[in-house]
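Student: The transmembrane segment annotation in TrEMBL covers 55-76, 83-100, 106-125, 137-160, 172-191, 212-230, 250-271, 278-297, 303-324, 336-359, 365-387.
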Amino acid sequence: MILLKGPFDGRKWAFFLAVLAILVAAGNLRGGLVVVGPLVADIRASLDLSAGEFSLLTALPLICFGLVSGCVPALARRIRAPILVIVALLLIAAGASLRATSLFGMVLTGTLLLGSAIALLNVLIPGLVKGYFPRQIGLMTGLYSVALTLGAGLGVYLAIPLRDAFDAWQAPLLFWALLPLLCLPLWLYMLRVRIQEAPGPSARVTLWRDPTAWALTIFMGLQSFFFYSVATWLPKILMDAGLEDQDAGFATSMINLAGIPANLLTPMIAARMKDQRPLALLVFVLGTAGLCGLWLAPTAAPIFWAALLGLSGSASLSYALALFGLRTQSHVEATALSAMAQSIGYLLAATGPVMLGLVNDWMNNWSGALLLLMLLQLTQFGCGWYAGRPGFVQADSARRGNSNR
């Protein structure tokens, strides 16, 4: 039985419209970014781009995630979260439209808009889950993680069929400009829903001195580093080991497919546990096993290794997202923790593919890069273990208040 607590007071339709609003917003978080992957040859040929210039289309959004995320709590103190979500959806539509033009400057501008808007939603959604669904944090975190993953999969899956159907590489990009506009009516309705919070919407919450917040921030950064590094280089690692490009591509697709159950189940299990540290251990074991298999016998079971990496990556992301709600006592704190973890986390993630590529160039093989990922997995485990202990983060203001007693 689902308890309709929080701001809905038993209003079932309002509750389920809020669920749908969260899911459709999450569905817009990755599709507009990953759609360019299958279209790389078309875009480079049409705009006459070098490999370095094209790489900006994938690196800039991560940099935007890091730079913009830290600004979101200040915006949320002044502007209601549903209004910010509406603004973000409009910016996604505008950014995706500009990325479908034939001028590289406009494409870069669209990429900056898209990355900034998605950063806004990345931070806001965990806080909204905490505020709208205080008794369903695990379930809702799992559902929106699945929606995020399915949105990314849809972006890749539809790219070529839409290009071929309209005989234009711009068509898949414009699809992701239309989708957020279709979500606007739900969020216009959500303007009617008020979240009651003790601190009030103008309360300022900072967590920079809290060790649990820092542990979760480092965990978030390392899991992002791991995911984007593996997603970028796994096809190349497998092809260098002797796999055909189609087989390597299929194995890589298992990262997202295998991760869907972990997206859904990890937050639900975490919400039922007082101590989440066993989940941190499970994430570590799965990731390390996948990396060891990829290092020692990459062609023996590439689909299995990729599935292990996908399970670990998705479980670690959902673990972090769940703790944003489980380690905080209000949606204001959840938003602040989400902003802190994601601002630093995505800046760290942006260095991952570059760092692994440099290590591979230096050693002329992938052993060093995989060993680096294993060492970072160990560090990630330590941070996840610390953050998984029972308790709540403590804002700086509360810390000062306690010290004065």
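Glycine too: its Cβ is placed from the backbone N, Cα and C atoms.
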Student: With Cβ distances under 8 Å as the criterion, find the stretch in 55-76, 83-100, 250-271, 278-297 that has the most pairs with the transmembrane segment (303-324).
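Tutor: So the stretch in question is 250-271.
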Student: Checking distant contacts: for the transmembrane segment (55-76), what same-chain residues at least six beyond its ends satisfy Cβ-Cβ under 8 A?
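Tutor: Non-local partners: 33, 36, 43, 84, 99, 107-108, 111-112, 114-116, 118-120, 122-124, 127, 201, 204-205, 228, 332, 335-336, 338-340, 342-350.
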Student: Does the transmembrane segment (106-125) make contact with the transmembrane segment (336-359) through 3 or more Cβ pairs under 8 Å, each pair 6 or more apart in sequence?
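Tutor: They are in contact.
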Student: Using Cβ atoms only, state whether the transmembrane segment (365-387) and the transmembrane segment (137-160) have three or more pairs under 8 Å that are 6 or more apart in sequence.
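Tutor: No, the stretches stay apart by this measure.
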Student: For the transmembrane segment (172-191), which recorded stretch in the set 83-100, 137-160, 212-230 gives the largest number of Cβ pairs separated by under 8 Å?
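Tutor: Per the Cβ under 8 Å count, 83-100.
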Student: Could you tell me whether the transmembrane segment (83-100) and the transmembrane segment (250-271) are in contact, taking contact to mean 3+ Cβ pairs under 8 Å with a sequence separation of 6 or more?
Tutor: no
Student: Who are the chain neighbours of the transmembrane segment (336-359) in space, where the CB to CB distance is under 8 Å and they lie at least 6 residues beyond its ends?
Tutor: 59, 62-63, 65-73, 119, 122-124, 126-127, 205-208, 213, 216-229, 232-233, 320, 324, 327-328, 368-369, 372-373, 393, 395
Student: What parts of the chain pack near the transmembrane segment (137-160), using Cβ distances under 8 Å and only residues at least 6 beyond its ends?
Tutor: 19, 22-35, 37-39, 125-126, 129-130, 172, 175-176, 256-257, 259-260, 263-272, 314, 317-318, 321-322, 325-326
Student: Which sequence-distant residues neighbour the transmembrane segment (212-230)? Criterion: at least 6 residues beyond either end, Cβ under 8 Å.
Tutor: 62, 255, 287, 309, 312-313, 316-317, 319-320, 323-324, 327, 337, 340-342, 344-353, 355-356, 369, 373, 376-377, 379-380, 383-384, 386-387, 389, 391, 393
Student: Six or more residues beyond either end and a Cβ under 8 Å away: which residues meet both conditions relative to the transmembrane segment (83-100)?
Tutor: 25, 28, 32, 36, 57, 72, 75-76, 106-107, 109-118, 120-121, 124, 128, 170, 173-174, 176-178, 180-181, 183-184, 187-188, 190-191
